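Everything below concerns the one structure shown next.
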């Protein structure tokens, strides 16, 4: 953009210089034309006297009459054929200022056309660069939107991944808890019972055996007492009280 502004300023400077040169050349051409038009022959007194002497109208005229003078000398020198030939010779030998002005004007027009063409090219280049910059800005905005959408999608995927990790850890914890629970199924014959169940069976058997022994001893004592009551003569003192009884025989 800075180069484009610099080129536009340079072109504006060229236009102002060309306009100033054109105005200066026009002023010089006007001065030259006015100088050429003022190129008249000076008055000659001797030739004027000869004209009066030879003229019949002037001879027949009375004194005191106002005679109109033919201002031959006031005519421009270009009207005479001799002067025209001289002017042609001079124009062929010396460069005419009008021709130089025309040449300068032609060169100025060529330079002006070249500058206009250069200006049009710069404007087209500027327009192309502007359109290219606009397209680049649009592409940048589109890329920004794509990046924002990709980031949002990445965030969503990260959240889903975190939720899946959490669910997986919960499932692992539940599986670990299930594996630590005791089995409620009945033990098979091949598998030995646990220690607690064995101790319980042993205790039950010992108490049952003790209960059975006590019952048998009680039954034997009752039978012995009944027999002693029925046969008192056969009672022989042994130094023991009848309540002690005989030792049990199993």
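Here the Cβ of each residue, glycine as well, is placed from N, Cα and C on the backbone.
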Feature region 'Disordered' in Swiss-Prot, mapped to one of the ranges 57-78, 79-100, 101-122: 79-100
Range annotated as region 'Disordered' in Swiss-Prot, from 152-171, 172-191: 172-191
Listed range which Swiss-Prot flags as region 'Disordered', given the options 209-229, 230-250: 230-250
All-chain count of other Cβ atoms within 10 Å of residue 131 (N-linked glycosylation site): 10
